[in-house]
Amino acid sequence: MIARGAMLGPDQPVIIHMLDIEPAMEALRGLKMELLDAALPLVQGVFVSTNVVEACKGVDIAVMLGGFPRKEGMERRDVISKNVSIYRAQASALQQYAAPNCKVLVVANPANTNALILKEVSSLPAKNITSLTRLDQNRAQALISDRLDVPVTDVKNVIVWGNHSSTQYPDVNHATVNTANGHRPVRELIADDYWLNREFITTVQQRGAAIIKARKLSSALSAASAACDHIRDWVHGTPKGTWVSMGVCSDGSYGVPPGLIYSFPVTCHKGEWSIVQGLKIDEFSRKKMDASVEELTGEKALAYSYLDP
Ligand code: LMR
């Protein structure tokens, strides 16, 4: 997708750096061969390495897919403790060797807290560290499009608040659908509050788990596509009147504690994101948003317990 321009546009040549662990090196070499063999016009170089310093040299955009996978019998705290050391090494390489304004997108789970670790252990600017919730936003918009039988591109401004986990809150209160009579609120077109307040929310929250159950593997294509959407909008800007969801460092907006990496609605302009302000939050939404704050605060405390004082 990157090599075909889905991330940075059809006119932007790319040099792709791929980093993996030693046991994956042979497969990585094969992937490099394939990328070269595809003779893709945008690809100006493919570099593979198991050395984080080499891989980070000069990169403008870093998509962090690697994290310690949760294995049978492991607790969440075990994963977070392993990720603290992985992200510490990557943070140090990025801050020393990446391009000065390198933009970082964390995809690997627990994505918000991995991004938080990256922020805490590095001197990278907080505004350049984000985590992926566009996948959840895309899932939510696809569900609404399916329910109303309208093109997915007509559904706008569904928000995903919070953590990329089962406490996330997909919120349709400000979402609209483009119809022959203009943009109309989703809540007006779907007058089924039971569906919107329960089934819709739990389906989006549980979608990652449903995919793992069906595929015996985590989402791949939809996650890659969402990562491209995230970076494209961040770099090239969001269309007028449209916002997107990104895990970003909270400035205290909407009562979310400053410093947490929390998914907010944002607009992007000239490579900078800003949190959409002034949205009305009802009591139902407040409770859901707070539940995700609580979970992220717990994950942060856990991560901190593995960081040096
Ligand atoms: C997803 O949302 O598809 C993944 O984050 C699920 C997972 O735990 O890998």
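Counting starts with 1 at the first residue shown.
Each residue, glycine too, has its Cβ placed from N, Cα and C.
Just so you know, TrEMBL annotations are computer predictions that nobody has curated.
These features come from TrEMBL:
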type     : residues                             : note
ACT_SITE : His164                               : active site, proton acceptor
BINDING  : Asp20, Asn83, Val107, Ala108, Asn109 : NAD(+) binding site
BINDING  : Arg70, Arg76, Asn109, Arg139         : substrate binding site
DOMAIN   : 16-129                               : domain 'Lactate/malate dehydrogenase N-terminal'
DOMAIN   : 133-301                              : domain 'Lactate/malate dehydrogenase C-terminal'
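Arg139 (substrate binding site) has His164 as its nearest neighbour among the recorded positions Asp20, Val107, Ala108, Asn109, His164, going by CA to CA distance. DSSP gives Arg70 (substrate binding site) a coil state; it is part of no helix or strand. Residue density at Ala108 (NAD(+) binding site): 20 other Cβ atoms are found within 10 A of its Cβ, drawing on all protein chains shown. Each of the recorded positions Arg70, Arg139, His164 was scored by the number of other CB atoms within 10 A of its CB, and the lowest score belongs to Arg70. Among the recorded positions Asp20, Asn109, His164, the ones whose Cα sits within 10 Å of the Cα of Arg70 (substrate binding site) are Asn109. Highlighted here are the binding-site residues (Asp20, Arg70, Asn83, Ala108, Asn109, Arg139) whose C-beta falls below 6 Å from ligand 1: Asn109, in sequence order.
Around Asp20 (NAD(+) binding site), the same-chain residues six or more apart in sequence whose CB sits under 8 Å from its CB are Ala27, Leu28, Val48, Thr50, Gly66, listed in sequence order. When secondary structure is read from DSSP and collapsed to three states, Val107 (NAD(+) binding site) falls in the coil class.
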